[in-house]
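Asks: This is the feature table in TrEMBL:
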type: ACT_SITE; residues: Cys277; note: active site
type: ACT_SITE; residues: His335; note: active site
type: ACT_SITE; residues: Asp358; note: active site
type: BINDING; residues: Asn398, Asp400, Glu446, Glu451; note: Ca(2+) binding site
type: DOMAIN; residues: 269-361; note: domain 'Transglutaminase-like'
Amino acid sequence: MAEDLVLESCNLECESNNRNHMTADMGSQKLIVRRGQSFTITLLFAGRGYEEGVDRLTLNVETGPCPIESSGTKSHFPVSDALQESAWSAVVDHRDGTALSLLIYSPPDARIGRYALTLEASMGYQGSSFRLGEFILLFNPWYPDDSVFLEFEDQRCEFVLTQQGLIYQGSLKFMVPTPWNFGQFEDEILDICLQLLDTNPKFLRDQNRDCSRRNNPVYIGRVVSAMVNCNDDQGVLAGRWDDKYEDGVSPMSWIGSVDILRRWRKYGCQPVRYGQCWVFAAVACTVLRCLGIPTRVVTNYNSAHDTNSNLVIDRYLDEMGNLQKTSKDMIWNYHCWVESWMTRPDLSPGCDGWQALDPTPQEKSEGAYCCGPAPVKAIKEGELRLKYDIPFVFAEVNADVVYWVLQKDGSRKKTIHSSTVGRNMSTKSVGKDTREDITHNYKYPEGSDEEREVFAKAELQKSYLTEEEKGVSIKIKVSEGMNNGCDFDVYAVISNNTETERLCRLMFCARTASYNGVVGPECGLKDLLNVILLPHAEKTVPLRILYEKYGSCLTQDNMIKLVALLFEYQTGDIILGVRDIYVKNPDIKIRVLGEPVQKRKLVAELTLTNPLSTPLSGCVFTLEGAGLTEGQKTQELASPVEPGQEAKVRVDLAPQLSGLHKLVVNFESDKLKGVKGYRNVIVAPLPK
């Protein structure tokens, strides 16, 4: 009688499996595979090999602390004749002496996470059990039956595999692409993402139920949205918006998610200080891409924060044009969230595709600070009753803004003001460093019949203001060269569209501001009591903005808010113009010296010219991407940089992977903060 099989070793074939499952960039030390796709393992037996018809082999996979078959976290399945598409299964691939290769298949709705794999070998009733090892299972956008399936390869490459990207900041009229290293395949990141799932309150409350729901990207997206902020859990990031970051890192200083996630883990899941919307969104993008869910960061310019859900943002000014804090409603210069691609079988047809998820803590959803996933198609159609949080996102892109002037007698007067929220919605284009406008995904054209139908369906009203109705109107225009360290002019352009002469008072004011709408000190003011407007004529009034006024109070967002109030004496009307301008930082010049080849030394030269009239001290360049070691990521300059002189460093690089890489750079000093730059580096494969 044949002896029982004895397993000598198991080869999980990490290198070839990871390559086939598009996880090779995570390394070859662990088996990392995607669901709905088979992988190969090789068993080596001692003494004799596997005999078909004599030996019975059964595999066991388990995930989570309390694996249960009925919860989908455990499966016991034999090595059989054929793979099954809807369940865990295994077949013999080939035999060679005492070596046996098995193909193991996971169903497309399997729970993601860390699995233990064991083998039971028997010739009848009794047998032996062998632990084969561990593997990690991820979502699979390449498999048509997976709920995150994405049809086009260039999109899968961009939204799952690409580790660097651009996030749009700045202002509506001056959109600034900021480079970011998502780094979802860098060392430790996958383990940290799984730890994040195991730290979420739903897991701590009911481990079995949480793990059983990890087959659903809707559930995972909601958990990640809550866990990226720390407002009601052991989340990754603490938010701060008051320009006081001395006890942490300024949100403007981050250039990637990797450092943030590693810090969170290193310090025992204590929140990392500090984040703002684009940092929250970028970290969520890293986690979701790492887990296999196609994700991109999107930016909404003139984004509304409607706290009372009436779709009206009330803003209050005094007669000098200063914003008054009498409402919690806000208009942010821009706001970032993420979109993830998935099906929505829990909703009516037509809700599949991009889903908005917002990890920035703003309002609670089902008791936790999270937002989404909200189907973008449902937002566009005004389907406010569907899950999750559609009314909040709908308001972010559709609310009306009403400005009131608080008068000396205590009364308030509504201004004549044309403003639209939800403008120039932006994300990085697929496969290239350009901006894609996605506003049409969220809303119909302003004033169109379709838009009116959406608002009627949502049982909401929207006001419309045409140019002809304005009578007297005002716009704010700007000049070229609004560079940090320079003086520049801005202009109030007043048009009288009537048949009669008008006499007005103009209050034109500039204040430094943060991107979330909070204003700081005044840095320019003009008060003209008698402005005469001829019929059908235009008048331009300049306002000089001096560096000596704005330089010391400019926030790290580099924003200045311009407010022009026109008081019309004859009618009593108050006409308002508002514009946010972005003060441009100097460019970082990045030169690559040498031929970029995989695993060969390369030198990058970084240069920034001091544009200010005073020296820069405490100058530091921080770098990510392109195969940098930890020691190379921070480069400090020993001496101050005089006005007009260059801050310059050289850094040794050693790209470990071939292909397209972004070298992402941040510059900090005592007077210049958060200056960003990047350079694409195409690395050739190591010659064979």
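A Cβ is built for glycine as well, from the same backbone N, Cα and C atoms used for every other residue.
In TrEMBL, annotation is done automatically, which means it is predicted and not curated.
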Asks: Taking Asp358, Glu446 as the recorded positions to compare, which has the smallest set of other Cβ atoms within 10 Å?
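Replies: Counting other Cβ atoms within 10 Å of each of the recorded positions Asp358, Glu446 gives the minimum at Glu446.
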Asks: Among the binding-site residues Asn398, Asp400, which residue has the largest number of other Cβ atoms within 10 Å of its own Cβ?
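Replies: Going through Asn398, Asp400 one by one, the largest Cβ count within 10 Å is at Asn398.
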Asks: Cys277 (active site) to His335 (active site): how many Å between their Cα atoms?
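Replies: Pair distance, Cα basis, whole Å: 6 Å.
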Asks: State the Cα to Cα distance, in Å, between His335 (active site) and Asp400 (Ca(2+) binding site), rounded to an integer.
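Replies: If we compare the Cα positions of His335 (active site) and Asp400 (Ca(2+) binding site), the gap is 17 Å.
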Asks: Counting Cβ atoms within 10 Å across all protein chains shown, which of the recorded positions His335, Glu451 comes out on top?
Replies: His335
Asks: I'm trying to understand the geometry here, so how far is the Cα atom of Asp400 (Ca(2+) binding site) from the Cα atom of Asp358 (active site), in Å to the nearest whole number?
Replies: 21
Asks: Give the number of CB atoms, excluding that of Cys277 (active site) itself, located within 10 Å of its CB.
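Replies: Result for Cys277 (active site): 28 other Cβ atoms within 10 Å.
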Asks: Looking only at the domain 'Transglutaminase-like' (269-361), report the model's average pLDDT.
Replies: 91
Asks: Could you state the CA-to-CA distance between Glu446 (Ca(2+) binding site) and Asp358 (active site) to the nearest Å?
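Replies: Distance (Cα to Cα, whole Å): 24 Å.
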Asks: Can you tell me the CA-to-CA distance separating Asn398 (Ca(2+) binding site) and Asp358 (active site), as a whole number of Å?
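Replies: Per the Cα atoms, Asn398 (Ca(2+) binding site) and Asp358 (active site) stand 17 Å apart.
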Asks: Rounded to a whole number, how many Å is the Cα of Glu451 (Ca(2+) binding site) away from the Cα of Asp358 (active site)?
Replies: 24
Asks: Per DSSP, what is the residue tally for the domain 'Transglutaminase-like' (269-361) in helix, strand and coil?
Replies: 15 helix, 41 strand, 37 coil
